[in-house]
Amino acid sequence: MLRTDPSVAIRALRSAAPYIRMYKGKVFVIKASGGVFADLASTRTLIEQVAILHQVGIRVVLVHGGGPQLTQIQESLGIKPQIVAGRRVTDEKSIEVTSMVLNGLVNTQILGICREFDIAAVGVSGVDAGLVRAHKRPPVNVEGTTVDYGFVGDIDLIDAKVLQQLLDDGLMPVVSPVSADDSGQLLNINADTVAAAIGGALKAEKLMLCTGAPGIMEALDDPRSIISYTDLQGLKRLKDQGSLKDGMLPKAKAIEDAIRGGVRRVHVMSYKSPDSILAEVFTNEGTGTLVVENISALSAAEQHE
Ligand SMILES: Nc1ncnc2c1ncn2[C@@H]1O[C@H](COP(=O)(O)OP(=O)(O)O)[C@@H](O)[C@H]1O
Ligand SMILES: CC(=O)N[C@@H](CCC(=O)OP(=O)(O)O)C(=O)O
């Protein structure tokens, strides 16, 4: 145990108490991108914060990515990774690699760290108990070119029963985005997309997208252009003016789907800044970008939540 000045600890607890009261029993979907798990220190920083949310009674569902790990293993197997508009073209060999890396390596590594922080966590993927029902994406037009994404899925339905049961039993689901169609064909789905759909199905209080970027930026090359607060209209404006590129495109679509699906607040934040999740939840000091449905419809009190 760390030795701290008791009055500091008591003050911190007192200031966190209203937030604990407000969020206890509520669902938070936290999505951590694969970059988090590239090194042990950032993995531990993230899981330690998740453990605190779980232990104060927030119903946490942790959804993980694993894009960088997939790229690395594809390359080591002589497969050339191909990512178009933020989504990986996934051929027959690559869908096997996807399930090995996401359901196997990344999911299990996270469960190992959860043990260290005493979280009773259970690994599931979109395939388990029909959690994510999807179909193979047909060839689509991306900026004037027809792209066949192969074994990439689009979500039809989330059957969140398995998550509800785990949460009711005090367990924390750790979800890999690998999913399947009704015939059992495995499908690769972007982890932000899966997290957003789960958030909508569970009517989550918050969806927190922990990524490498500090938040959503007006101009990617200008770190000062970070947007601290926006809504669906603002997000559309950013997309229309071409500010959103690569991985931010599926993220923006996921944010919109989550909010339209019933998630109240979506945060885009960096996993690189320590304590960012705790600061976002237990203080008024947010670090990244907060997206709501409609800023002008929020009451003054809600704006300070
Ligand atoms: N307007 C923008 N604001 C922030 N990031 C952006 C923006 N446009 C493009 N990006 C890129 O999107 C990346 C996030 O997507 P990605 O790396 O796929 O996320 P993750 O793997 O964390 O899910 C950022 O690191 C950045 O390079
Ligand atoms: C279809 C598609 O693109 N799937 C993603 C799934 C992993 C993911 O989303 O990982 P990050 O969150 O680390 O980016 C992929 O293959 O990279």
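Using N, Cα and C of the backbone, Cβ positions are placed for all residues, glycine too.
Site annotation (TrEMBL): substrate is bound by Gly66, Gly67, Arg88, and the candidate from Asn188, Asn284, Asn294 recorded at this site is Asn188. Gly66 (substrate binding site) carries neither a helix nor a strand DSSP state and counts as coil. Between the C-alpha atoms of Asn188 (substrate binding site) and Lys251 (site 'Transition state stabilizer'), the distance comes to 16 Å.
Rounded to a whole value, the Cα-Cα separation of Arg88 (substrate binding site) and Lys251 (site 'Transition state stabilizer') is 14 Å. Considering only the residues assigned to substrate binding, Gly66, Gly67, Arg88, Asn188, the longest pairwise Cα distance works out to 12 Å.
Each residue in Gly34, Gly65, Leu70, Thr71, Thr90, Thr98, Val101, Leu102, Pro177, Asn190, Ala191 lies on the same chain as Gly66, Gly67, Arg88, Asn188 and has a C-beta within 8 Å of the C-beta centroid of that substrate site, without being one of the site residues. Among the listed recorded positions, namely Lys31, Arg88, Lys251, the Cβ with the most fellow Cβ atoms inside 10 Å is that of Lys31. Checked against ligand 1, the recorded positions Lys31, Gly66, Gly67 give Gly67 in sequence order as having a Cβ less than 6 Å away from one of its atoms.
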